[in-house]
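This report refers to the structure that appears directly beneath it.
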Amino acid sequence: MVFGNKGWNWDSLFPYMQMVEISRPPNEVEIAAGHYYDPACHGTNGTVHTGPRNAGTAYFPILKTFMNSSKERGIPTQLDFHCGVPRGVSMIPNTLHADQTRSDAAREWLLPNYKRPNLQVLTGQFVGKVLINQTLLINQITNAGHKAVGVNFGTNKHVNFNVYAKHEVLLAAGSAVSPRILEYSGIGLKSALDAAGIQQVADLPVGLNMQDQTTTTVCSRTKPSGDGQGQAIYFATFNETFKDNAPRAHQLLNTKLQQWANETVARGGFHNVTALEIQYQNYRDWLINEEVAYMELFLDTSGKINFDLWDLIPFTRGSVHIQGNDPYLRRFSYDPKFFMNELDLLAQAAGSKLAREISNTGGMKTYFDGETTPGSKLAYDADLDQWEEYVKQNFRANWHAVGTCSMMTRELGGVVDSDARVYGVEGLRVVDGSIVPTQVSSHVMTVFYAMALKISDAILADFYANF
């Protein structure tokens, strides 16, 4: 309840994760390769197909070696991460049909339903803003003084149209676009709206609290004996990520939270120092006391040992705001403010250093045939400070941004309530990754799918309550 979201926790969201899924258990070959499956943690009657990726070729022997080496270091292995403990090393399912075609939202929800008479999909069109009836009547249940009645959409300021909603407007344009549509509609911070020449309708911290992750790659060649397919993930804890440098990282967590909150607000990543410090204190508790996953090391193979890795819980906060009053020009600022927090940079460096060590130690040596990335760009015995300098020049965005229309209490900086309703505006909800108030120690896709299903129940409950 750190964010004040009543009814949102693992126990309430997990059933929706199962409702999403049609799982395909691993076969004997896949189990022998290292896949593990707990049927109690999966759904079988959902919409999205999941199962092992299998190109029909031999599996990479290094996957088992990776897990065995990890087990020798005391790291849990062969877990089913869907059971809610994303820590340790395991192979993973993908969103794939048995024939290995991708199972995504478009294939599983849109295509089977696009001919329904109550669904019309318009391509090449952009939503400019939400149409709002600025009434002075206050809804006693939602405390809303305005009502969303439709949207304006089109291609430019000369060719656009108004359409009107019978019940509600549901905004689902993602972490980069949903906050911009709200701001064009007059929903946002007065400072941002004034700068863009937009009249304010509702005062909310739209576009703040952006949290994206940074990614780096460590890649090595393998000897012919190590060739094959397969994927595995190592979800490393805070201490596992930093290893010998853990005291340095703990010192930052124990002394810098208030300073970081002040600096973040000053940079425009958040608006309330006290509320942000509460978030940071929660992170510290997660990382130190609950030992949640902090760094993901994603191993993908096929004639190489390729680790893509990212800091799962960044402390950096960025923002997205419009820069004009014409929505069809799409002028905006998008600034994740990567590495403006010193711990985030240190973590990305430590994770990269760890991936290099794993690639060429223990049983992995059997298959290692020379590093290509960073390779000669960085001395093999580089210390953490040298890794920091390398990471600054060689990272990329993970494109997992969340938080720009956060689901929190209004006092803590929320834009939507626990049913995804925009504060102060009746008949308007945001249902996408922008409402997730914090990064999670996992991939975000299943979280988004489950979240949407849970909110759909709230939408239907409100709909039927009005009849």
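One is the number of the first residue shown, and numbering goes on along the chain from there.
Quick reminder: no glycine exception, Cβ is built from N, Cα and C everywhere.
Copied from TrEMBL, the annotated features are:
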- Val127, Trp399, His400, Gly433: FAD binding site (BINDING)
- 174-188: domain 'Glucose-methanol-choline oxidoreductase N-terminal' (DOMAIN)
- His400: active site, proton donor (ACT_SITE)
- His443: active site, proton acceptor (ACT_SITE)
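Everything TrEMBL records as a feature, shown here on the structure.
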{"residue": "Val127", "record": "FAD binding site", "Cβ contacts under 8 Å, 6 or more apart": "Val151, Asn152, Phe153, Leu171, Ala173, Ile181, Pro327"}
{"residue": "Trp399", "record": "FAD binding site", "Cβ contacts under 8 Å, 6 or more apart": "Asp212"}
{"residue": "His400", "record": "FAD binding site", "Cβ contacts under 8 Å, 6 or more apart": "Asp212, Gln213, Gly433, Gln439, His443, Val444"}
Recorded positions compared (Gly433, His443) - the one with the fewest other Cβ atoms within 10 Å: His443
Helix, strand and coil counts within the domain 'Glucose-methanol-choline oxidoreductase N-terminal' (174-188) (DSSP): 7 helix, 1 strand, 7 coil
